[in-house]
């Protein structure tokens, strides 16, 4: 009698149920995206977009027509023209070579120095470790520009007591000459960042459990033996981290060279890669070539850090 | 209109200044001026402008 109605009726709730389940499934899959949206939007806008904009700008060529560009400004795809111009600029290539030389000398010196300071301050016989830790770290709080002005008082002949003292014993020193100014900058950078790197190493040293030291002492290990076979291998991750940061920092040299320009004739407007990109962008208005230079600097930092990490990983395995 | 008056003024000053700074490592001022002329002309052409060297 009512078989048709009975069979038709349960079908409606079944379809409704299926719809609801589908809706629920859709809600479950979209909920994380809705919740992630604010983060993703900010991440894309502040992180991904600037990189894409810089890379895009490095492949763009702007052509102006008319005497003052009044008949139109046209931008188009430039291919690798901007990169060719950046790499064809002898001063820019020279600046990369200069910071590579700087890094090869300054980074190992600074890392060795910060490791020695950290080991000394963490040794049992250290006097006033808290005071010296703060004292060594203090230069990190001095901005690069101020540090350079401060040091230039010790570099400039006529102002510097160091130059005068050397002169009184018959030595002629020129901290700002064409061959020496790079090492004068290295001295400022080492002064500024050794304490900071030392703190990272100290943090890792403090994480070594005391049982290891006790076991070493029971075995009759002296302080040098403890430093060499226990502390140095265990602070390896901190040393790798500080070295990578220092390599990246070397390629970012800017303020020291720019400030020393006013007192050192040997520092030109393209002394470091960053200074070169800055000059190209804001003195020459060649924003696209400057973008190409910036991308090249970032690539160099990436390749150098990656090579160093690969090298240290291979050595440890 | 994003066009600066006398497009390579700053660049010309920088080219001359960077060249004169090389005096410290032995390059003479006269050589610098000769080299700067070429570099400034290249800078003009890179900006898409035309420039020619006047014959004395």
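First residue shown is number 1, and so on along the chain.
Each residue, glycine too, has its Cβ placed from N, Cα and C.
The compositional bias 'Basic and acidic residues' annotation in TrEMBL covers A:13-22. Residues or ranges marked as domain 'ABC transmembrane type-1' in TrEMBL: A:96-308. Feature annotation from TrEMBL assigns region 'Disordered' to A:1-23. According to TrEMBL, the transmembrane segment annotation covers A:33-55, A:99-121, A:133-154, A:181-203, A:234-255, A:290-311.
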Best-packed against the transmembrane segment (A:290-311), counting Cβ pairs under 8 Å over A:99-121, A:133-154, A:181-203, A:234-255, is stretch A:234-255
For a three-state summary based on DSSP, what are the helix, strand and coil counts in the compositional bias 'Basic and acidic residues' (A:13-22)?
10 helix, 0 strand, 0 coil
Spatial neighbours of the transmembrane segment (A:133-154) not adjacent in sequence (6+ beyond its ends, CB under 8 Å) are 117, 121, 160-162, 175, 184, 187-188, 191-196, 198-199, 202, 255-256, 259-260, 263
Using a Cβ cut-off of under 8 Å, list the residues of the same chain at least 6 residues beyond the transmembrane segment (A:181-203) that approach it.
98, 101-102, 105-106, 109-111, 113-115, 117-118, 121-122, 133, 136-140, 142, 144, 147-148, 151, 155, 175, 235, 238-239, 241-242, 245-246, 249, 253, 256-257, 260, 264, 266-267
Beyond the flanks of the transmembrane segment (A:99-121) by 6 or more, those residues with Cβ under 8 Å of it
129, 132-133, 136, 182-183, 185-186, 189-190, 193-195, 197-198, 201-202, 205, 227, 231-232, 235, 239, 242-243, 246-247, 250-251, 253, 272-273, 304
